[in-house]
Protein chains: 2
Amino acid sequence: MVADRPGEFDLIREFFAPLAKDPGSLGLTDDAAVLTVRAGHDLVLTKDMLAADIHFFSQDPPEAIAAKALRVNLSDLAAKGAKPRGYMMGLALPSDWSPDWLEGFCAGLADDQKAYGFDLLGGDTIRSFGGLLVSITALGEVPCGKAVRRSGAQPGDLLFVTGTIGDAAAGLQLRFDPAFGQDRTLSAADEQYLRDRYLLPRPRTTLAPLLLEYANAAMDISDGLIADCGHLASASEVDIVLDLDKVPVSHAIAKINANSQDDFLRCVDGGDDYEILTCVSEANAEQFSKHATAVGCPLTLIGRVDQGTGIVTVTKKGTPIHMDELGGFRHF
Amino acid sequence: MVADRPGEFDLIREFFAPLAKDPGSLGLTDDAAVLTVRAGHDLVLTKDMLAADIHFFSQDPPEAIAAKALRVNLSDLAAKGAKPRGYMMGLALPSDWSPDWLEGFCAGLADDQKAYGFDLLGGDTIRSFGGLLVSITALGEVPCGKAVRRSGAQPGDLLFVTGTIGDAAAGLQLRFDPAFGQDRTLSAADEQYLRDRYLLPRPRTTLAPLLLEYANAAMDISDGLIADCGHLASASEVDIVLDLDKVPVSHAIAKINANSQDDFLRCVDGGDDYEILTCVSEANAEQFSKHATAVGCPLTLIGRVDQGTGIVTVTKKGTPIHMDELGGFRHF
């Protein structure tokens, strides 16, 4: 977080230095951060960039933009079984930024640093000729050789997912089309719930230690449940059978399903869920579920892993349905 | 480097996966990279973002943009004494990118990966509504506790700088004002040399092991020699006396100095040098110089460190000059 013009030093001192509590950040006064990885641990690194009006709306509260930028990265760390350790932040600020806005943004970072137990290590701030852009590299630690991969699913594994699926996609659709809710008999409370689920991902960090212990493969769901089942199946060189009837949904998404299967499928495969998809052996499944319940992480069995070559079969009432038979199924 | 839309998978497979030779990258097929830091080593992390028409010109060759994005980060690692280990790359691509352009960009990355011995570990690619933006987090390794800091300078240390100073600032000025060279009797070869020095930083990676062995403090010069002396003095809580007559300059900058001291000072404190400023005890200075020569790194003694509070005194013919006496001195 080294300045390339005087204004940046003020930014660092006033806004960013209070976020850099890890001694490795060197107080953001040096060219680089220095990190001692815990003995016996590997470092897990992930990078997600978020840009205004692509990944969030410019007018979203700055606290929420900051939280989302951290949490999409924390979700990746959680899926690998990693404990958050720190992050590097690149920030391209549009010329119309205000101290109030940046104060809110940094308050959002500070809250999540506290909630998830990690700190800013360093970074860079530049001007943006476009809108705001936040580029986070998040770092986590896992015991050596234990990072949970997409590629470890085994035939016979059971397929689990956390939380509920489709909320964020519906929440995004409500941002684009405020009439979407009325047309589908959603209550004001439903709409608020869905909008909030889009605005603020809840990374499943509490599941990370259980994934380390029990999972053969895991990933977070960002592209859409069905698409991400495909990515996992393909990386693991297995087939996946996904039971659509078992996919856990909120009250609001259930209403949408009752109204239109097409809309339901668009939500379910809409992405931005930041829930975790994981494959666990049948022998481990009961212990895994029990411990997930104990840490307050809702978990649902939604399918199984078969021998194969990366094909996903979606079933409904026990019968396979082909994606091209899903009627108007396409993303919003 | 996980895709959030189908086109990104093609980008990863076609352009980025060939750059990810480190097994820790997991072939860019997972949510994250996994890195085992060498035993007995700390990780050094640095992040510099480069944006079109701020840090480079959009019409620069893509190979050069890629090289600059890596090298400004490699320069930070070198100043800390770190050996490059890998990097995470965030890329915001404008809508008018072409496969030819991206091929050139990746060829530039590949060449520098080979030259500097490190690989792409992961990242993210998004659309840009503005111009191209490259966000690199570079990772290096140093023996535990040995990272060279800005804050270690000791009274009595000698102040050294690598290479020549001011070339990149003059090269940038030539880009803005093509008549700048003629007015200052620069030859076509001088101009070409200066433009190239702006376009392509040469990070002093060969000096890194010597900094580890001999330096009390070091940083790379990106903000300008005098400004960065100030940063180092301030971080170390010492004063620095900088002898302007000793500052090493190229033939081209010497011509500019002969023509106008103001222009000379603007170049010398113009920044973008990516040379290394370092403080070495008098006892170590001779060995340090000898070894720097042996690895082909030009090194010049330009000043000394005194007890103090962060003040930089610039001297000329042995006499201190105050910055406000430097006439028209200001950045271009």
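The backbone N, Cα and C atoms fix where each Cβ goes, glycine too.
Heads up, TrEMBL stuff is auto-annotated, nobody curated it.
Annotated features in TrEMBL:
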type    : residues                       : note
BINDING : B:D31, B:T46, B:D76            : Mg(2+) 4 binding site
BINDING : B:D31, B:D76, B:D220           : Mg(2+) 3 binding site
BINDING : B:D48, B:D124                  : Mg(2+) 1 binding site
BINDING : B:D48, B:D76                   : Mg(2+) 2 binding site
BINDING : B:H55, B:D272, B:F329          : substrate binding site
BINDING : B:G123, B:D124, B:R150, B:S222 : ATP binding site
BINDING : B:D223                         : Mg(2+) 5 binding site
DOMAIN  : B:30-142                       : domain 'PurM-like N-terminal'
DOMAIN  : B:154-311                      : domain 'PurM-like C-terminal'
Whole-Å Cα distance, B:D48 (Mg(2+) 1 binding site) to B:R150 (ATP binding site), is 18
Across the domain 'PurM-like C-terminal' (B:154-311), the model's average pLDDT, rounded to a whole number, is 96
CB-CB under 8 A to chain A: among binding-site residues B:G123, B:D223, B:D272, passing residues in order are B:G123, B:D223
Candidates B:H55, B:D124, B:D220 (binding-site residues); nearest Cα to B:D76 (Mg(2+) 4 binding site) turns out to be B:D220
Rounded Cα distance in angstrom between the residue listed as 'Mg(2+) 5 binding site' and B:R150 (ATP binding site) is 14
As a whole number of Å, the Cα atom of B:R150 (ATP binding site) is distant from the Cα atom of B:D220 (Mg(2+) 3 binding site) by 10
With the fewest other Cβ atoms within 10 Å, the residue among the binding-site residues B:H55, B:R150 is B:H55
Residues in the domain 'PurM-like N-terminal' (B:30-142) per DSSP class, helix first, strand next, coil last, are 36 helix, 48 strand, 29 coil
The answer, for which of the binding-site residues B:D31, B:D223 has its Cβ ringed by the most other Cβ atoms inside 10 Å, is B:D31
Longest inter-residue Cα distance for the ATP binders B:G123, B:D124, B:R150, B:S222, rounded to the nearest angstrom, is 31
Candidates B:D76, B:D220, B:D272 (binding-site residues); min other-Cβ count within 10 Å returns B:D272
Nearest by Cα to B:D31 (Mg(2+) 4 binding site), of the binding-site residues B:H55, B:S222, B:D272, is B:H55
Most isolated by CB count within 10 A, of the binding-site residues B:T46, B:S222, is B:S222
B:S222 (ATP binding site) sits from B:T46 (Mg(2+) 4 binding site) (Cα to Cα, rounded, in Å) at a distance of 14
The binding-site residues listed are B:G123, B:D124, B:D220, B:S222; by CA-CA distance, the one closest to B:H55 (substrate binding site) is B:S222
